[in-house]
Amino acid sequence: MSIPLSIAWTDGQLVILNQQKLPHEIDYLTLETIEDVYEAIFTLKVRGAPAIGIAAAYGLAVAARRHHTETVEAFLEAVQTDAEYLGQSRPTAVNLVWALERLLETVKKAETAEAGKALLLEEAKRIHQEDEASCRQIGEYALSLLEGQERVMTICNAGSIATAKYGTALAPFHLGSERGRKFEVYACETRPVFQGARLTVWELQQSGVDVTLITDSMAAHTIGAKGIEAIIVGADRIAANGDTANKIGTLNLAILADAYGIPFYVAAPASTFDLATRSGEEIPIEERKAEEITHIGNQPVAPLGTKVFNPAFDVTPAHLISAIITEKGIIQGDFQRNIPEVLNLYAGKGEKS
Ligand code: MRU
């Protein structure tokens, strides 16, 4: 039993687990160009907010190697252009621009292009390492919050393969499994791209966690029928007031948790908070192609030419969230006031004092 990983820096190269092919094929891809990285993020080969940030950070470092400029200024300009390009690969997960901005801030210190290349790679590695530590700590806090609760529901994949390791919402299950603590996890399949069925079920099975798959439409019935005691999900962007964007279907679960009187937890690292965004209304919601709904795999399930609305994320209003679990601590109550306090943030997203 082991916890799967999805991103590695190996022999000077960026290697990812191709999540499009899971669970039937374990396929690793080496991303050699910035276009490779953009495409891997856009097509969900690498996905999950923190993993997108880590991949983009390495992507910027990989791209920088090809810049042979005469001056450091020209080098920095080229890196800026690359960051803008990668930043457009997906709109909702703020970890993407957070990671790119962190690299841009670091590379400014370079006195030569070669020094800049080294700084970019070091910072990408640091983001990768920090995310693993953050997720482990999130798992510890989540375990304490879930004390006495065994049957837990989740959606999408906020797991090890969506981060550096452990995941956010799935971290307590991985840590619990290492320590002999028993959970019964109910995973929503997560239409339209089945990250729950394909990824969460596979990941938890790899780690020896008891997991049961349900369709998204079975959530309400299952909470009652199986005695679900808590719901835990990840996040792609958390606004200053606590409103949280996460995979489409998350809002349904939050409303159900409220109706059934069970806690609804969001687990996310500090890099997923965007305090420059005041509320959920300002969060950009990605819309994806119609075929993700009209087809399952390559098989059409709706009449040809069917009109489709395919938002990839929804926003759960803060008042439906019982607690936000971060590596810095558990945030409850008045989110507007307590988020900056617990994260120890000052002016602007992601900056730590
Ligand atoms: O479209 P995806 O698969 O990238 O969406 C992922 C999610 O919504 C996750 O819950 C979120 O990114 C948190 S991952 C730790």
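Keep in mind that glycine also has a Cβ here, set from the backbone N, Cα and C atoms.
For the substrate site, TrEMBL records Arg47, Gly48, Ala49, Gln195, Asn246, Lys247, and the single candidate of Arg66, Arg90, Arg179, Arg278 listed with them is Arg90. Separating the Cα atoms of Cys156 (site 'Transition state stabilizer') and Gln195 (substrate binding site) is a whole-number distance of 5 Å. Within 8 Å of the centroid of the Cβ atoms of Arg47, Gly48, Ala49, Arg90, Gln195, Asn246, Lys247, where the record puts substrate, the same chain has further Cβ atoms from Ile52, Thr92, Ala93, Cys156, Asn157, Ala158, Ala162, Gly234, Asp236, Ala312, Phe313. Taking CA atoms as the reference points, Lys247 (substrate binding site) and Asp236 (active site, proton donor) are 8 Å apart.
Annotation for Asp236 (active site, proton donor): same-chain Cβ neighbours under 8 Å, separated by at least 6 residues, are Ala49, Thr92, Ala93, Val94, Asn95, Ala245, Asn246, Lys247, Thr272, Phe313.
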